[in-house]
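Okay, structure first, notes after.
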Amino acid sequence: MISVCYTAFRMFGGIISVGGAGPDGKDHRRTRVANAYFSLFMAIGNILGFATGSFNGWYKVFPFTITSACNIDCANLKSAFYLDVVFMAITAYISISAAQESPLDLPARSMLADEEMPGQSNSEQEAFIWELLGTFRYFPSTVWIILLVTALNWIGWFPFLLFDTDWMGREIYGGKPNEGQSYNSGVRMGAFGLMFNSVILGVTSLLMEKLCRKWGAGFLWGLSNILMALCFLSMLLLSYVASHIGYLGHNLPPNSIVVTALVIFAVLGMPLAITYSVPYAMVSSRIESLGLGQGLSMGVLNLAIVLPQWTMGSTVWWWKLPSHCYWSICCLCCWNYSHLGYSSIRCSKAHGLLMSYQYL
């Protein structure tokens, strides 16, 4: 539990720090490009990580990982953790030693400072949990729509990111954990598919600026939501086809089934890249006028990401629903938030913010 909490703290802390260290938000294009490059380097790391997970010979590289209580699969996982610790130590050292930061002067006075409550001190304070929650009352309607769409977005993404390899092992390969090699083969193939997912994610990140200039960030976000819903629906149909062919529990899946699953995993990299970059740029541009700063805007958006993950993790996992039920829920959520994505464009037009969507 301590390791999981530390990993989550490091992950979201890195996202907030990278967002806060980026452009100041006055240039929406630079903010969007910075988030796209962040997604690109995240994709590069994911490619290496998923390639590590799909390789089943790490126990030969680290033979000491095999013990009487740890079989080959356990040894491969343990070896991957060792590599992860080494790379985390290297990146942490580079970040600490190479980043020469100097404290910046606080802005003269923001909109929030102009509306100080009676009895409140005039001294500047660092944003903490109460300041973070207190800023909610200043949000315009467009920011609330972005947060709502982001929350629904991650209700769809989190079950996929959590159970994608399990879906491949159970629904496509017809295996069960600790019963034969079918499940393990499916999990490795799922990690291989996620590697393709990361490749497409990186390519889409490079093209993000041109796509947003051509179609607009709001339209592109809504389009990615529809594509995501179609991919999840395809996974549901693929599970149905695989269960009626008759190979489950007897043979390996046909190549056509495996290739289709890998293609779905790869295509999902496009909406995932948009999810990693566009919402951050949009919420930064909307909160800019409040004078809250990039770091606080990233923290606000991360709340809309963490709360759905906590909800899905504490309910779906507890119910232990079959894998196809996860995808059914995801398809429903994706359809809802894709509708909200287009509604946000119409709402922005009503509030005179069309130019922001065109240049985002």
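Glycine is treated like the rest: Cβ placed from N, Cα and C.
Sequence annotations record features per position, and here TrEMBL assigns transmembrane segment to 36-59, 79-99, 143-163, 183-207, 219-242, 257-278, 290-310.
Taking every listed stretch (36-59, 183-207, 257-278) in turn, the largest tally of C-beta pairs under 8 A with the transmembrane segment (219-242) is reached by 257-278. Highest Cβ pair count under 8 Å relative to the transmembrane segment (36-59), across stretches 79-99, 183-207, 257-278: 183-207. Packing against the transmembrane segment (257-278) from elsewhere in the chain are residues 32, 35-36, 38-39, 42-43, 153-154, 157, 160, 164, 168, 172, 189-190, 192-194, 196-205, 208, 212, 217, 220-221, 224-225, 227-228, 231, 234-235, 238, 241-242, 245, 360: each is 6 or more residues past its ends and has a CB under 8 Å from a CB in it.
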